[in-house]
Amino acid sequence: LKLSLPSFQDLFGVSMVVPLMNLHIKSLGASPTVAGIIGSLYGIMQLFSSTFVGCWSDIVGRRYSLLACILLSALGYFILGMSTTVYLFAISRVPVGIFKHTLSISKALLSDLVSERDRPLVMGRFNAASSVGFILGPVVGGYLTELKDGFYQTSFICASIFLLNAGLVWMLPWNEENTGNGKHKQGKKRTDSITAKPNCDLQLKSVTNGTVAIDSPFQSPWVQIVTVLKRIKEIACSDLWDIFLVRLLMSVTILLYHSNFSLALEERFGVKPLFSGYLMSYSSSLGVLAGCLLGPITRLYQHNTYRLLLHSSTFTCTLILLYASALSIWMVILSSTFLAFSTTIGRTCIIDLELTIGGNEASGTLLGVGQSVTSVGRIIAPLLSGVAQEFSPCGPPSLAVALALVAILIMNVNKQKYCSSGNVKLKNQ
């Protein structure tokens, strides 16, 4: 609960500003090409920085890395609030592009503090709180932008929200983090024999033993950089790439489904964009509900994350196929209703599986790499969507079904890696 409020405020503030940014940069006289380049540079910075920042949080500790990311993101939005030229606008995106990984670090902190058995439930509630902020933010931002200098006021409010979040994070009882880390380290020797795999060194025994102490965030930057590079090398040499490949394929699948949603509904069924907007808001609201229901669902599956991920991915694939072949708008509404549940569950499960196999000692690194993988999906999906739309309005969702099937096949091929007598190998069991 103590982290849910900052996560809600984080996405609430960001979602107030982001929908208005294209209008603002256009009002500054930027061409569509320049606006696109600035947007792409932000995505590229996020792609490369997420792994490094996540790994850095493992080294210096969650408190200092989270505070640094919040404050530097606030700086970016303050500069955005003063951006009267395209040059200033571009500068404002640099600190945000590099350090806006506050939610990933918060998830890593949650992973430190809760048991693996409770992690899907806690992550689900955390994501639900964030989603509520993302639903409400654009409404408030749209209202504020109608005022005089509305965009600048909205940007300053967003920056102020980040400063408030910094204060909330500073007041958290951080002694719990050390307790959580100690819990994982105490159980490490007992559980290594259960979870160790011949080709998987991502438990990061050697790196974890040589990391900078969590209470020494001001160690030499060179020591920190070397440790970050060692951890990234461990990721590269691990056998977790099938999990990241599944995450990439499912991310592209969902992005392809959403890529031409409004346009496809208009061409196929003649519905107006307003109806599409209402339908997307309806799905987002159901996603919040799905996050709150993850606890009962994981108990129903006896905390078998792998099986839950496999079933949710299969369900997602089936629902997108139903959407692609829908003959009426009611079939679209039906598929959208259940997709909100399956995609929310799938996103949480893939993160939980990464942390279960990779180890909590490197949760920041794992979540950072996962964010980089998702960023690659955001780069690939628009290109694939554009090519698929050349053939049919149903092209993108049809391609999404094919990619989801590949992901399901990969999960089935690697079933024995994650399962033993039908159960996921949880480190604490």
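Placement of Cβ uses the backbone N, Cα and C atoms for every residue, glycine included.
Nobody curates TrEMBL annotations by hand; they come from automatic prediction.
Taken from TrEMBL, the feature domain 'Major facilitator superfamily (MFS) profile' applies to 1-419.
Here TrEMBL flags 37-59 (among others) as transmembrane segment.
The feature transmembrane segment is assigned by TrEMBL to 65-90 (among others).
Per TrEMBL, the feature transmembrane segment maps to 126-145 (among others).
Feature annotation from TrEMBL assigns transmembrane segment to 151-172 (among others). Beyond the ends of the transmembrane segment (151-172), by six or more residues, the same chain brings 2-3, 5-6, 9-10, 12-14, 16-17, 20, 23-24, 63, 66-67, 70-71, 73-75, 77-78, 80-83, 102, 141, 144-145 to within a C-beta distance below 8 angstroms of the stretch.
Residues annotated as transmembrane segment in TrEMBL: 240-259 (among others).
According to TrEMBL, the transmembrane segment annotation covers 279-301 (among others).
Annotated transmembrane segment per TrEMBL: 308-333 (among others), in sequence order. Residues 120, 246, 250, 253-254, 257, 265, 268-269, 271, 279, 297-298, 301, 339, 342-343, 345-346, 349-350, 353, 394, 397-398, 400-401, 404-405, 407-408, 411-412 of the same chain sit 6 or more residues outside the transmembrane segment (308-333) yet have a Cβ under 8 Å from a Cβ within it.
Recorded stretches compared: 65-90, 240-259, 279-301; the one with the most Cβ pairs under 8 Å to the transmembrane segment (126-145) is 279-301. On the 0 to 100 pLDDT scale, the domain 'Major facilitator superfamily (MFS) profile' (1-419) averages 81 in this prediction.
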